[in-house]
Amino acid sequence: MPFWGLQKQLGIDLDSWLVRQSMPQPYSSAAACHAFEREWVECGHGLGQTRARRECQLEYEDFMECMNRTKMAQRLRTILEQRDKMIKQGKYTPPDYHRGKEEPRP
């Protein structure tokens, strides 16, 4: 017979670290990536781990992008490199407020 409610008796929750966005949030509002995590969990529910990794790859990538923002950081890095390249070539001049030369405010 399995240990019924063992996690509850010990005061631990092993599932909470697996499903981070589904944990109770402050002010009872949903977390930013809750929808992506929910799609990923729903996709993999009932499938084996190997099959879920293959079939739910897109949902998992969306969830990880929402959590870590790696693709967005790479895109920003590319944009800034392009901007610096254009400045060096003389094709683009940033506005004064981007160079710290704006008029002083009262």
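A Cβ is built for glycine as well, from the same backbone N, Cα and C atoms used for every other residue.
Bear in mind that TrEMBL entries carry predicted annotations, made automatically and left uncurated.
The compositional bias 'Basic and acidic residues' feature in TrEMBL is assigned to 96-106.
Sequence annotations record features per position, and here TrEMBL assigns disulfide bond to Cys33-Cys66 (among others). Non-local neighbourhood of Cys66 (disulfide bond): Ala32, Cys33, Phe36, each in the same chain, at least six residues away, with C-beta under 8 Å from its C-beta.
Under the heading disulfide bond, TrEMBL lists Cys43-Cys56 (among others). Using a 10 Å radius centred on the Cβ of Cys43 (disulfide bond) and all shown protein chains, the other Cβ atoms total 16.
Marked as region 'Disordered' by TrEMBL: 84-106.
For Cys33 (disulfide bond), the number of other Cβ atoms no farther than 10 Å from its own Cβ, over all displayed protein chains, is 18.
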